[in-house]
């Protein structure tokens, strides 16, 4: 963790007594000094000893270790977050590799499923459809006036778990925790939001503890009008906001991104963030093998908005490497539950239509099947890269992986579905089926694989390598939009930090302990590209770096001075 080179300015605080202790952004707990306890009416409300934040963090770490299940650890950390945010982030940064899977995937999935059961205290904004006409008033109720990043979900497609209704709030909370822990964005600048448009999850509707609007999901024109009211209210309240769409259903994710990306500074992490980290990983893996991404044939299992978003960014990258658009598209094969996407397949979604293969080019394939399965595609394409974004467990079978390995000595296999229970194949199986020759990157965290007395580290293709840096870059540069080129610059920067590329060994992605360094580098690349593209005011490189440093928040207590409201 970086240390400050100069003492931070004092904060002037209008709150005192129990009110101050109940304010998570300002509460220091036992770390309030003797003078602060006297000035803020805290004398006698805290134990005698004045502790440092490291002493507090050590106690919290010991308490954390006493919990045996991941969900109990998650609940404990969320309680600290809702009590003392500075301590929460110091603790998480001290133990990032241990705690990141607890505050986010995979544990956050269980927290979303059990949201109403484990609910302790409100965090963020809940906007239900019955309150749609009070949108402006609701946002005015947010006490933080300087919000810079919103993560919003409607809870319909939470990870691979489907419709979790209001329980989806766990995702924006977790995501914004990583914006701060990994990207240094002050928690005072962040706001999680859930749009409660009902739920089609009958189990939730029947649950007496369910805290959301008990109604089937609104759809079509009503739904889009509601989202539009929200967007307009956000623009009115915080005109310079960065808005991240998160875990919207496939039918809504791409239309919302397309509709609003040129109206408000926004992006969809499931589509664009996943694509950026995947492309960064593939660039690094290709370079480590002495080749380029444009030389690879790539097969996808899963042709939803996330899979197609990754495919389009791969195509853009291979065009940058010199391929024509037609040649780039001929190297990418999309398979969904109906088989390979072809130009004769009916009822394709608009974002799928550009990713079809021409049936005329498949006449020579060795198959008698009308529907071209994943095995058919792997057998005939002989891919170098296999990517899973299906949300269905076990679909990368032994037969498929062994067939791929027949024709590719060092296959790259990326089962990216979340959470762990939905992964297309486990790293252990993939390593065994390829005789230890596969390079594996997963969406959820996995322990290193031991096979024939050799240890194989498993890279987690985690969006947290990308979105915190993008957020920091947008804030530091004042970018008004997030362009495709800004996302590509993030991918390229991530690839440049690959230990496998730089050292010839190790993981294809940086260690999590280095994620703040990576986020700062991505922030600079994104901010610079924003300036080049005219969506941010041009400054010198030194000024941009200074803006990044100035906006990089550290979990350290500041001295307080008393003032009136």
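Placement of Cβ uses the backbone N, Cα and C atoms for every residue, glycine included.
Take the NAD(+) site that Swiss-Prot assigns to 157, 418: the candidate from 262, 269, 270, 549 listed for it is 270. If you take the CA of residue 175 (active site, proton acceptor) and look 10 A around it, the recorded positions you hit from 104, 157, 246, 247 are 104, 246.
Counting only the Cα atoms, the space from residue 246 (divalent metal cation binding site) to residue 270 (NAD(+) binding site) is about 6 angstrom.
The Cβ centroid of 157, 270, 418 marks the NAD(+) site; residues of that chain outside this set whose Cβ lies within 8 Å of it are 158, 159, 160, 247, 306, 391, given in sequence order. Between residue 418 (NAD(+) binding site) and residue 247 (divalent metal cation binding site), the C-alpha separation comes to 12 Å. The NAD(+) site in the record is lined by 157, 270, 418, and its two most distant CA atoms lie 11 Å apart. Put simply, residue 157 (NAD(+) binding site) is 16 Å from residue 104 (active site, proton donor) when counted between their Cα atoms. Under 8 Å, Cβ to Cβ, and six or more positions away along its own chain, residue 247 (divalent metal cation binding site) finds 153, 154, 155, 156, 157, 158, 159, 168, 171, 270. Residue 270 (NAD(+) binding site) falls within a helix when secondary structure is assigned with DSSP.
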